[in-house]
Amino acid sequence: MEIAGKAVCVFLLLAIIKLRRSEGINRVSANLGHNTVMTCPTRTNISMVTWKINPKTGHQCTLAYRIDKDSTGKTNCSDRINWRSRPDWDQALEIQQVGKADEGNYTCEVVNADGNFHRLYHLTVIVAPRMALYCDDYGNPVCEAETEKSAAEISWVPESNSTPRADSHDNGTVTVVSWFAARSTNGKNPTCIVSHATLNETKSINCSSSYRDLILCIAIILSFLIIITFMAVIYYLKLHGCRFCHRSKPPDIIPTYSSQDDTVEVEPYTTYVQKENVIYNSVSDLTLRQNLPQGQSPAT
């Protein structure tokens, strides 16, 4: 019985292996920011294809295609992860602009009448080291080195007095920046030396004084143009302001009096005087008559 049980187990195991036809794990790598493609087992008369993605961080992603219904499905997958072409004739998976979060295990399962066939991948994202040497806006040499995980070491020839600055990023890279700050180069071009497990590179640069002279010349010209423009605006405002100030004022209006107005003003006074005289004469005559003896009349 024990031997029969073992035989059954072996038979079942062989059947499962035959049906699943799983291959070994294929280790692949992709450069950060580049595209990568993974293919499925080549089989005929496929009825269904499924990609199962298990990243180190995040949720599982699934892409599926059914031949009989000519339909595709996508679950929890980024827009960057998709079929390379039409899945009915090309079942390859393409990842655009690979990031560190895409690291993990990728499995393609192909189903046909002969069984299920698998191909497994383990994706590793590589950050290619990068070195850059340039002159800043002040004509000083600047050296940059971008590497993965550990920071690179930067040194200068001649020796520089500056301290490098290291910045860590979310994608797992570290950027080191160093400014050349030596007092004298003895006529030699500054040389930047980058040391790292994945990068050993040396570059030289000449940030000559002509570069700084060019910047200074441009600054002087711009300043001169700004001053000229400012003076022109002031002159324009002053010119138009004086025009408004010197506009001819309306002449002072001198009141004029006509002889008719004088006559109108004098006539009331004359009438008044005449009335006074008449009243005075009447009173005088009455008084004189009262003082005369009876029978006499005042002389005229």
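Each residue, glycine too, has its Cβ placed from N, Cα and C.
According to Swiss-Prot, the protein has these features:
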type: DISULFID; residues: CYS40-CYS108; note: disulfide bond
type: DISULFID; residues: CYS143-CYS192; note: disulfide bond
type: DOMAIN; residues: 25-124; note: domain 'Ig-like V-type'
type: DOMAIN; residues: 122-206; note: domain 'Ig-like C2-type'
type: CARBOHYD; residues: ASN45; note: N-linked glycosylation site
type: CARBOHYD; residues: ASN76; note: N-linked glycosylation site
type: CARBOHYD; residues: ASN105; note: N-linked glycosylation site
type: CARBOHYD; residues: ASN171; note: N-linked glycosylation site
type: CARBOHYD; residues: ASN200; note: N-linked glycosylation site
type: CARBOHYD; residues: ASN206; note: N-linked glycosylation site
type: TRANSMEM; residues: 214-234; note: transmembrane segment
Practice task
Determine, to the nearest whole angstrom, how far the Cα atom of CYS143 (disulfide bond) is from the Cα atom of ASN206 (N-linked glycosylation site).
Solution key: 13
Problem - Between CYS108 (disulfide bond) and ASN45 (N-linked glycosylation site), the C-alpha gap once rounded to whole angstrom - result: 16
Practice task
Have a look around CYS143 (disulfide bond) and count the other CB atoms within 10 A of its CB, chains all included.
Solution key: 27
Practice task
Can you grab the distance from CYS192 (disulfide bond) over to ASN171 (N-linked glycosylation site)? Cα atoms, rounded to a whole Å.
Solution key: 25
Problem - ASN45 (N-linked glycosylation site) versus ASN105 (N-linked glycosylation site) - Cα distance in angstrom - result: 26
Exercise for the section: Please list residues from the chain of CYS40 (disulfide bond) whose Cβ is under 8 angstroms from its Cβ, counting only those at least six apart in sequence. Expected result: VAL49, TRP51, GLN91, ALA92, LEU93, CYS108, VAL110, ARG119
Exercise for the section: Just give me the nearest neighbour of ASN45 (N-linked glycosylation site) among the glycosylation sites ASN76, ASN171, ASN200, ASN206, Cα to Cα. Expected result: ASN76
Practice task
Provide, as an integer number of angstrom, the distance between the C-alpha atoms of ASN171 (N-linked glycosylation site) and ASN206 (N-linked glycosylation site).
Solution key: 33
Fill in the blank from the handout: ASN76 (N-linked glycosylation site) has its Cβ surrounded, within 10 angstroms, by a count of other Cβ atoms equal to 11
Problem - Listed in sequence order, residues with CB under 8 A of ASN206 (N-linked glycosylation site) and six or more positions away - result: ASN189
Fill in the blank from the handout: Using DSSP three-state counts, the residues of the domain 'Ig-like C2-type' (122-206) come to 0 helix, 45 strand, 40 coil
Practice task
Between the Cα atoms of ASN200 (N-linked glycosylation site) and ASN76 (N-linked glycosylation site), find the distance and write it as a whole number of Å.
Solution key: 40
Fill in the blank from the handout: ASN171 (N-linked glycosylation site), Cβ-centred 10 Å count of other Cβ atoms over all protein chains shown, is 13
Fill in the blank from the handout: Around the Cβ of ASN200 (N-linked glycosylation site), other Cβ atoms within 10 Å, all chains included, total 12
